[in-house]
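Remarks on the structure that follows.
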Amino acid sequence: MSKEKADIGLIGLAVMGQNLILNMNDHHFVVACFNRTVSKVDRFLENEAKGTHILGAHSIEELVEMLKKPRRVMLLVQAGKAVDEFIETLIPLLEKGDIIIDGGNSLYRDSMRRADYLQSKNLLFIGTGVSGGEEGARNGPSLMPGGHEEAWPHIKDIFQSISAKADNEPCCDWVCMCPSGSGHFVKMVHNGIEYGDMQLICEIYQIMKDILGMSETEIADTFTTWNKGTLESYLIEITANVLRFKEKDVFILDTIRDAAGQKGTGKWTGIASLEYGVPVTLIGESVFARCLSSLIDERARASKVLKAPNVKKFDGDRKQFIEYLGQALYASKIISYAQGFMLMREAAKQYNWKLNYGSIALMWRGGCIIRSVFLGNIKAAYDNNASLENLLLDNFFQDAINKCQEGWRKVVATAVVYGIPTPCLSTALSFFDGYRSKRLPANLIQALRDYFGAHTYELLDSPGTFHHTNWTGHGGEVSASTYNN
Ligand SMILES: *[C@@H]1O[C@H](CO)[C@@H](O)[C@H](O)[C@H]1NC(C)=O
Ligand SMILES: *[C@@H]1O[C@H](CO)[C@@H](O)[C@H](O)[C@H]1NC(C)=O
Ligand SMILES: *[C@@H]1O[C@H](CO)[C@@H](O)[C@H](O)[C@H]1NC(C)=O
């Protein structure tokens with residue numbers, strides 16, 4: 001066996017792993033591969049990898065021996081225990097300066113822990129988001145690597161060569177000059193946004209079906225038209241394809257059970273937003289919408305006793321209303337991305353990450369599931385002003401939201417009247433109305449907290465000074481904040 005020939009080793013030959021390997025091979029990198037079920041390696045070499053320069057290893061030791069130094073080993077195995085097990089196996093076989101790359105959907109906190117651990121072993125760690133599904137992995141994924149910065153120069157060429165390109169730039173850049181976790185954090189937010197985008201599309205679809213009575217074909221045609229404008233994106237494109245898909249003359253979409261599955265990254269985004277106190281309401285609602293959908297039997301029982309509102313058939317201007325739907329979708333999407341970037345900003349503050357928001361938008365611009373023209377506008381917003389406080393404050397997005405506002409409100413109001421659930425369209429609008437309010441009713445919350453719990457409040461003209469009022473005439477002198485909270 002010839003030694004030290006491979007540019008990178010890859011462990012895990014499920015479909016994502018295989019496709020990434022073939023992609024790397026297309027770009028003239030030599031890849032050595034390994035799978036715990038060794039027969040998978042032989043089968044891969046005899047089939048998909050036949051006639052390529054791909055090398056197969058039958059043990060981890062053999063894999064490591066095949067690698068040029070510093071050794072680069074990428075894991076594409078199930079997130080969780082398997083990643084830790086492979087790391088443990090690799091540690092004694094690697095040398096100072098070698099690099100372990102985790103390309104699975106790992107939780108960012110695990111990546112932070114692994115980075116610290118590997119640093120203590122003199123090894124380098126990169127946690128990278130990989131998005132784009134099987135197709136992306138094969139032809140150009142969006143890659144979001146973060147971790148030990150010294151490792152980046154050693155993987156940059158491979159990663160940027162195999163990634164998708166948008167406007168001639170690779171959809172892969174170093175996520176941040178920071179210790180770790182950021183790559184998987186950014187990927188987590190990407191997935192959360194994907195949940196939100198999909199739920200928004202579903203809400204629009206239901207309104208079209210149940211309020212406007214549009215057929216699959218009409219709905220598909222509308223999405224196809226939208227895909228030529230500001231809403232142009234992969235998810236809009238494939239929604240039209242899904243709507244049109246027939247098997248034995250039946251639209252199969254109609255026959256699919258309406259209980260959504262989930263693997264956890266949307267939930268993690270929701271948990272992170274609660275943890276850091278950022279109102280990422282749209283992603284949160286999109287996760288809950290999946291939870292509600294999965295109560296499918298209970299909903300069937302409830303549907304028999306809980307009545308829908310009594311409304312007459314829609315007799316408004318359909319063409320106009322479809323335009324409003326496009327505006328509602330676009331405006332809500334802006335809110336969702338603004339919230340996602342708010343979350344990254346807050347996490348960056350907590351962990352001292354120096355995130356480059358423009359390059360994150362570019363990484364998502366192509367290759368991944370949420371790829372869209374719109375991400376080019378987000379990149380432009382951060383290129384214009386790298387310290388932009390919020391996307392909604394950028395001129396382009398201010399104008400866009402203003403133009404959509406009327407249609408957005410009409411859509412949400414109509415859905416409410418017709419009893420069609422729009423958790424994401426509505427929460428986006430509520431967020432917008434809250435965010436643009438100089439004054440919110442939280443003064444009353446503060447008063448109530450002080451009334452029942454002596455939690456104290458601040459006055460508008462003297463923030464930082466805390467007051468307690470003797471609301472009832474039998475209140476004590478001691479405010480809660482004096483002893484706790
Ligand atoms: C081995 O390959 C199978 C699929 O062929 C995959 O499901 C599994 O995750 C791989 N496992 C490892 C650890 O290599
Ligand atoms: C950039 O954004 C920050 C924060 O939103 C703002 O204070 C600043 O004025 C903006 N700069 C420019 C040049 O618009
Ligand atoms: C609260 O008000 C009542 C009635 O005016 C008064 O008797 C009591 O002393 C007050 N308590 C304090 C702590 O000032």
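For all residues, glycine too, the Cβ spot is worked out from N, Cα and C.
Bear in mind that TrEMBL entries carry predicted annotations, made automatically and left uncurated.
Keep in mind that what you see is a predicted model, and the values were worked out from it rather than measured.
Sequence-distant neighbours of K187 (active site, proton acceptor) (same chain, six or more apart, CB under 8 Å from its CB) are N105, T128, G129, V130, S131, M144, T265, listed in sequence order. Under the DSSP three-state reduction, K187 (active site, proton acceptor) is assigned to helix. Taken from TrEMBL, the feature active site, proton acceptor covers K187.
Residues annotated as active site, proton donor in TrEMBL: E194. Other Cβ atoms within 10 Å of the Cβ of E194 (active site, proton donor) number 21 in total over all chains.
Annotated NADP(+) binding site per TrEMBL: G12, L13, A14, V15, M16, G17, N35, R36, T37, V77, Q78, A79, N105, in sequence order. Within 10 Å of the C-beta atom of Q78 (NADP(+) binding site) sit 13 other C-beta atoms, taking all shown protein chains into account.
Annotation source TrEMBL lists substrate binding site at N105, S131, G132, G133, H190, N191, Y195, K263, R290, R449, H455. H455 (substrate binding site) counts 18 other C-beta atoms within 10 Å of its own C-beta, drawing on all protein chains shown. H455 (substrate binding site) carries neither a helix nor a strand DSSP state and counts as coil.
The annotation domain '6-phosphogluconate dehydrogenase C-terminal' is assigned in TrEMBL to 183-472.
Between the C-alpha atoms of N35 (NADP(+) binding site) and G132 (substrate binding site), the distance comes to 22 Å. Model confidence over the domain '6-phosphogluconate dehydrogenase C-terminal' (183-472) stands at 96, taken as the mean pLDDT rounded to a whole number. Taking a C-beta cut-off of under 8 Å and a sequence gap of six or more, A14 (NADP(+) binding site) has these contacts in its own chain: L76. For the binding site of substrate, formed by N105, S131, G132, G133, H190, N191, Y195, K263, R290, R449, H455 according to the record, the largest Cα to Cα distance is 50 Å, rounded to a whole number. Taking a C-beta cut-off of under 8 Å and a sequence gap of six or more, G12 (NADP(+) binding site) has these contacts in its own chain: N35, L75, L76, V77, G104.
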